[in-house]
Amino acid sequence: MFLAKALLEGADRGLGEALGGLFGGGGQRREGGGRNIGGIVGGIVNFISEAAAAQYTPEPPPTQQHFTSVEASESEEVRRFRQQFTQLAGPDMEVGATDLMNILNKVLSKHKDLKTDGFSLDTCRSIVSVMDSDTTGKLGFEEFKYLWNNIKKWQCVYKQYDRDHSGSLGSSQLRGALQAAGFQLNEQLYQMIVRRYANEDGDMDFNNFISCLVRLDAMFRAFKSLDRDRDGLIQVSIKEWLQLTMYS
């Protein structure tokens, strides 16, 4: 809760069944009213083009707005993404951890070149929690779009630095990948990340790479929003500290 607020300051079973035919040869299931859920998710999956990897600097997501207020400056691509999200999210206009897990794992099924054990529900709950500005346990449109853009950018970085095409990043590749994603880390923090997210051989698979960057991005943004005088120091109470560390 505290983390999410700090960041903003500076139909589950039916979906699962529909996703079964996504990216496969089977037909797509239609929900009542003619909604083609597979097509909706497919549109979201293909929303971000496969651009070349580039330097990425973490930025705060846009502040939460009323979902029906579509700014005139929005591109046609974003409008289409918003429409697809509306149908995917359902009446509450938010996507939960289970939906996110299904979407991410279906995306992974397209990329056989990425070594991964898949995104677990616990991992997706953690991802949702650091992005959840209103503590509903779900992601609204702006939050989801921000996350999705980052995942696609980081996927490009991951593939660029997997130079031996092993599907995972070794210790010699990981440091460069983190820097290309926009994170300059000291040796102590780098070693902590390796111990937390890599395997015993020091290799990191795709889902752990994304989980690591989501957390890094969120913590950098949280610190920046709390460091109001920009002196590189923050002061928090025990209550704020517990909220910051427990709901993430």
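Counting starts with 1 at the first residue shown.
For all residues, glycine too, the Cβ spot is worked out from N, Cα and C.
Per Swiss-Prot, the features are as follows:
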type	residues	note
BINDING	Ala89, Asp92, Glu94	Ca(2+) 1 binding site
BINDING	Asp117, Asp205	Ca(2+) 4 binding site
BINDING	Asp132, Asp134, Thr136, Lys138, Glu143	Ca(2+) 2 binding site
BINDING	Asp162, Asp164, Ser166	Ca(2+) 3 binding site
DOMAIN	119-152	domain 'EF-hand 1'
DOMAIN	149-184	domain 'EF-hand 2'
DOMAIN	185-213	domain 'EF-hand 3'
DOMAIN	214-248	domain 'EF-hand 4'
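Proximity of distant same-chain residues to the domain 'EF-hand 3' (185-213), defined by a Cβ-Cβ separation under 8 Å and at least 6 residues beyond the stretch ends, is recorded for 104, 108, 111, 114-119, 123, 126-127, 150-151, 154-155, 158, 166-171, 174-175, 177-178. Sequence-distant neighbours of Lys138 (Ca(2+) 2 binding site): residues of the same chain at least 6 apart with a C-beta under 8 Å from its C-beta are Asp92, Glu94, Val95, Gly96, Ala97, Val128, Asp132. Sequence-distant neighbours of Asp205 (Ca(2+) 4 binding site) (same chain, six or more apart, CB under 8 Å from its CB) are Leu114, Lys115, Thr116, Asp117, Gly167, Ser168, Asn199, listed in sequence order. Between the CA atoms of Asp134 (Ca(2+) 2 binding site) and Ala89 (Ca(2+) 1 binding site) there is a gap of 16 Å. Per-class residue totals from DSSP over the domain 'EF-hand 4' (214-248), listed helix then strand then coil: 22 helix, 0 strand, 13 coil.
Take the Cα of Thr136 (Ca(2+) 2 binding site) and measure to each of the binding-site residues Ala89, Asp162, Asp164: the nearest one is Ala89.
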